[in-house]
Amino acid sequence: MEHNSSNFIKTIIKEDLESGKRDQVITRFPPEPNGYLHIGHAKSIVINFGLADEFNGKTNLRFDDTNPLKEDEEFVASIKEDVKWLGYEWENLRFASDYFEEMYDRAVQLIKKGKAYVDDLTGEQIREYRGTLTEPGKESPFRSRSVEENLDLFQRMRNGEFADGEKVLRAKIDMASPNINLRDPVLYRISHTTHHNTGDKWCIYPMYAFAHPLEDAIEGVTHSLCTTEFEDQRPLYNWVVEECEMEHQPQQIEFGRLNITNTVMSKRKLKQLVDEGFVDGWDDPRLPTISGLRRKGYTPSAIREFVKETGVSKSSGVVDEAMLEHFVREDLKLTSPRTMGILKPLKVVITNYPEGQVEWLDAEINPENPDMGTRKIPFSREIYVEQEDFMENPPKKYFRLFPGNEVRLKHAYFIKCEEVIKDEHGEVIELRCTYDPETKSGTGFTGRKVKGTIHWVEASHAVPAEFRLYEPLIKQEETDGNAEELDEADEKTFIDYVNKNSLEVLQGFIEPNMEDVQPYDKFQFFRHGYFNVDPKHSTEEKPVFNRIVSLKSSFKLPK
Ligand code: ATP
Ligand code: MG
């Protein structure tokens with residue numbers, strides 16, 4: 001990690017290396033391929049890869065594909081792409097399913113040790129027997145099956161002799177344990193489902209809680225970093241490693257999840273938004289997915305820097321989305337060309353400018369980074385300005401165009417509004433203005449000052465473009481707390497809070513020097529903010545610009 005700030009995981013790793021408990025650091029990032037990665041995953045990626053990097057260690061990308069019902073190749077491909085795009089290289093690419101055979105053997109080993117048994121209770125009965133936080137559980141009548149019978153039944157489960165749900169394999173630990181996770185957790189279930197990797201080879205699949213520690217141990221993972229919801233599972237994690245007599249013993253360490261305002265994050269909820277058509281796929285720019293942020297115009301470094309700033313701790317807070325936006329602004333400030341674009345065009349005719357004449361003006365590409373040079377922009381008798389930059393009856397302190405008022409056109413001249421043209425409905429459709437040739441930008445004119453500077457695009461050379469402006473998908477101030485925490489028990493679910501106006505599509509114009517923009521090119525449009533060329537909807541004829549973020553924010557980084 002570039003930030004060499006310390007955190008509790010780093011401290012543990014340092015101690016382990018210094019004491020000789022470990023001679024290297026091996027971590028893993030273990031997504032389940034049941035959805036696209038989101039910025040919460042980015043946190044886990046930065047922590048796992050970042051810590052290993054810092055200690056010259058290694059990180060595996062391992063797909064936790066133990067639930068064939070929900071998993072898919074599309075997700076595997078997108079996850080690989082996203083991890084690479086974020087700037088990380090994995091040591092080994094692994095799948096939990098690579099280890100199904102070994103896991104099966106370990107389960108058999110547990111049965112032989114009298115530490116696992118086949119249970120015929122239904123899922124519902126198992127839940128009933130489990131007890132509660134205050135009451136101990138009840139032992140299953142099948143708990144006392146002999147080793148021979150268990151071995152035989154487990155083999156027959158594998159052979160496909162039973163239907164889904166008919167039997168499970170359970171660990172034999174302690175039905176009275178104060179930790180419910182230790183009350184004979186299920187290790188294997190039957191599911192006659194084709195698996196994306198192993199096809200129809202298996203009809204029994206290991207449960208995550210059994211599979212995960214084995215995967216870590218097999219791969220020699222030293223520090224198995226996960227989020228705090230797994231804290232109560234740590235004793236089970238250790239039980240599996242120990243009872244399966246794994247040679248290597250990984251250590252599970254939990255850190256707090258990342259949540260951000262104005263959205264939901266869990267894959268289940270994101271999937272619902274995608275499947276029910278609230279958004280334009282997993283890469284919709286309104287989603288906190290890595291692919292959505294990429295399409296919106298976020299850069300890998302902005303995401304990494306943001307995640308690092310959120311830190312590593314045991315608690316999971318809700319971080320203001322404005323902080324994420326701060327980092328992309330910082331990243332684009334010096335690198336993205338400035339330009340002018342009109343999002344809601346209003347035509348202006350400059351009546352005293354010679355008909356047919358076009359002059360090419362010089363404009364800096366980025367005043368904060370002069371090395372980027374200058375660009376040429378045409379000026380003539382007809383231009384477009386923003387509808388919002390004209391008011392027929394302005395309030396006080398409105399310094400833009402209104403009848404009789406003079407403004408500066410960025411990079412060009414002062415113009416004065418002389419006449420307002422309306423259509424038959426009374427809508428303003430055109431302004432007639434005059435310009436003052438003495439006021440040309442860059443000539444050092446000091447004769448008089450104007451209070452407003454507006455942007456514009458010359459009409460005959462203007463290139464049509466589409467602009468997409470985004471608002472939060474779920475407005476934080478409208479939900480009662482974080483939308484993430486709403487569940488079925490609440491009066492409204494997060495779906496009820498989806499903002500119907502989260503996307504605004506506008507047809508406008510851009511400067512002619514932008515005719516050949518390519519997907520992912522990023523610009524700062526004067527007064528409008530940073531935009532990214534959308535890779536999905538742009539065409540040869542018409543680029544589509546996603547607004548990444550507006551220019552101003554009251555956000556300040558906490559010191
Ligand atoms: P979700 O609840 O969004 O589906 P998950 O935890 O089920 O997330 P996995 O694919 O199992 O998703 O996660 C892979 C890794 O990413 C896990 O180690 C998990 O702890 C971590 N992770 C997931 N969400 C977050 C988050 N919001 N903040 C930090 N780490 C996260
Ligand atoms: Mg999960």
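Cβ coordinates come from backbone N, Cα and C, glycine included.
Predicted automatically and left uncurated, TrEMBL annotations should be read as such.
The domain 'Glutamyl/glutaminyl-tRNA synthetase class Ib catalytic' annotation in TrEMBL covers 24-333.
For the motif ''HIGH' region' (31-41), the list of distant contacts is 63-67, 70-73, 75-76, 78-79, 82-83, 196, 257-260, 265, 267-268, 270-271, 282-283, 287-291, 293, 303, 306-307, 324: same-chain residues at least six beyond its ends, Cβ to Cβ under 8 Å. Look at TrEMBL and you will find 31-41 tagged as motif ''HIGH' region'.
Here TrEMBL flags 32-34, 38-44, T227, 257-258, 265-267 as ATP binding site. Counting Cβ atoms from all protein chains shown, T227 (ATP binding site) has 15 others lying within 10 Å of its own Cβ.
Positions annotated as L-glutamine binding site by TrEMBL: D64, Y208. In the three-state DSSP reading, Y208 (L-glutamine binding site) counts as helix.
Taken from TrEMBL, the feature motif ''KMSKS' region' covers 264-268. Tertiary proximity for the motif ''KMSKS' region' (264-268) is limited to same-chain residues at least six positions away from its ends with a CB under 8 Å from its CB atoms, namely 34-36, 38-40, 258, 288, 473-474, 483-484, 494.
Residues or ranges marked as domain 'Glutamyl/glutaminyl-tRNA synthetase class Ib anti-codon binding' in TrEMBL: 336-436.
Under the heading domain 'tRNA synthetases class I (E and Q) anti-codon binding', TrEMBL lists 453-534. Counting residue by residue with DSSP, the domain 'tRNA synthetases class I (E and Q) anti-codon binding' (453-534) contains 13 helix, 31 strand, 38 coil.
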Of E32, H41, L258, S266, which is closest to D64 (L-glutamine binding site) if I measure between C-alpha atoms? They're all binding-site residues.
E32
What does DSSP say about H41 (ATP binding site): helix, strand or coil?
helix
Cβ proximity for H41 (ATP binding site), under 8 A, sequence spacing 6+, ordered by residue number, returns F29, P31, D82, I290
State the three-class DSSP label for T227 (ATP binding site), counting H, G and I as helix, E and B as strand, and everything else as coil.
strand
What number of additional C-beta atoms lies within 10 angstroms of the C-beta atom of Y208 (L-glutamine binding site)?
17
Let me know the most crowded of the binding-site residues, choosing from E32, D64 and counting other Cβ atoms within 10 Å.
D64
Pairwise Cα distance for Y208 (L-glutamine binding site)/E32 (ATP binding site) [Å, integer]
10
